[in-house]
């Protein structure tokens, strides 16, 4: 039985990447040792991480005046690192909230700086409203938002207008899923465990002029200047996770880069949303313009049926479809590594389940 993993994270990884890692596990680059065993400051590992950054920069066409850091602590760590590094001049920040994770980031930031919070969802709806904040953004050290909320399946495609202010984005769940203009952002950060690789690595893209202004009490592990000067290795990094990310970057380049992945992601999501829209049995309540390409949420008419759906889907090899405890229902996370065959298998099961239970 073929298994498709719809987990929101840690998520499905490209099969060819896992197969390469399997082949190299005991003998990496003919050294007779695993990549997990070599020195993180050794010649081969340093060459690997240098190439990984080059590949990542190529994928996103990252301008030269941006640093790329490979850190630890996940996006939650960055919830604290962002204000410690950036909230240093005006003493207050603006958080645009659209769901659980953007609200959680705002809550953490309040430990370090004054936070103004604006809920950008329209009243009672999973729909994003006005995104022009250029008239107020200049009074803040930065403006923070989360372009994809995994729990509700809300994605913000348009970049908020903040004028000349610093825009910060938590792209943990949609990084590398579509093309973006990096120059519109001051900082982009993302946990790896959805589209970049396994859990353990956090990528931070930060504009150079924003480095070097951390408050003095900022721990060195979160200080962008210190990490940048030390190649993201002031401590021993999660070497195996970094290695796997490097393989994912090469895989994405071989597929044609982000442009091709975005095309495939739109195709996958359209298949699933089109099926949901024609069904009276399943429901998705996100406004069409804000439907996530990465996390598709849906439900039946009652919790009992939802539980039955998840159990029977799991038995059929369609794993991790249970929705987040905050929202319930079901959630199909269809990141870059999910093949279109997985979407078709899910739709086939959904059609069968509807016929048997409607």
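Yeah, the Cβs are placed from backbone N, Cα and C, and that goes for glycine too.
Swiss-Prot has this to say about the protein:
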| type | residues | note |
| --- | --- | --- |
| BINDING | 41 | L-glutamate binding site |
| BINDING | 75, 76, 101, 150, 170, 193, 235, 236 | pyridoxal 5'-phosphate binding site |
| MOD_RES | 194 | N6-(pyridoxal phosphate)lysine |
Recorded positions: 41, 76, 194 - member with fewest neighbouring CB atoms within 10 Å:
41
Residue 150 (pyridoxal 5'-phosphate binding site): tally of other CB atoms within 10 A of its CB:
24
From the binding-site residues 75, 101, 150, 170, 236, pick the residue whose C-alpha lies nearest to the C-alpha of the residue listed as 'L-glutamate binding site'.
236
Fewest other C-beta atoms within 10 angstroms, as judged across 170, 235, which are the binding-site residues:
235
Over all pairs in 75, 76, 101, 150, 170, 193, 235, 236, the listed pyridoxal 5'-phosphate binding residues, work out the largest Cα-Cα distance in Å.
31
Using a 10 Å radius around each Cβ and all protein chains in view, which of these binding-site residues has the most neighbours: 193, 236?
193
When a 10 Å sphere is centred on the Cβ of residue 101 (pyridoxal 5'-phosphate binding site), how many other Cβ atoms does it contain?
21
Write out the long-range same-chain contacts of residue 75 (pyridoxal 5'-phosphate binding site), meaning residues 6 or more apart in sequence whose Cβ is under 8 Å from its Cβ.
101, 105, 170, 172, 189, 190, 191, 202
Going by DSSP, is residue 170 (pyridoxal 5'-phosphate binding site) sitting in a helix, a strand, or coil?
strand
If one measures from the C-alpha of residue 236 (pyridoxal 5'-phosphate binding site) to the C-alpha of the residue listed as 'N6-(pyridoxal phosphate)lysine', what distance in angstrom results, rounded to a whole number?
23
Rounded to an integer, what is the Cα-Cα distance in Å between residue 235 (pyridoxal 5'-phosphate binding site) and residue 194 (N6-(pyridoxal phosphate)lysine)?
24
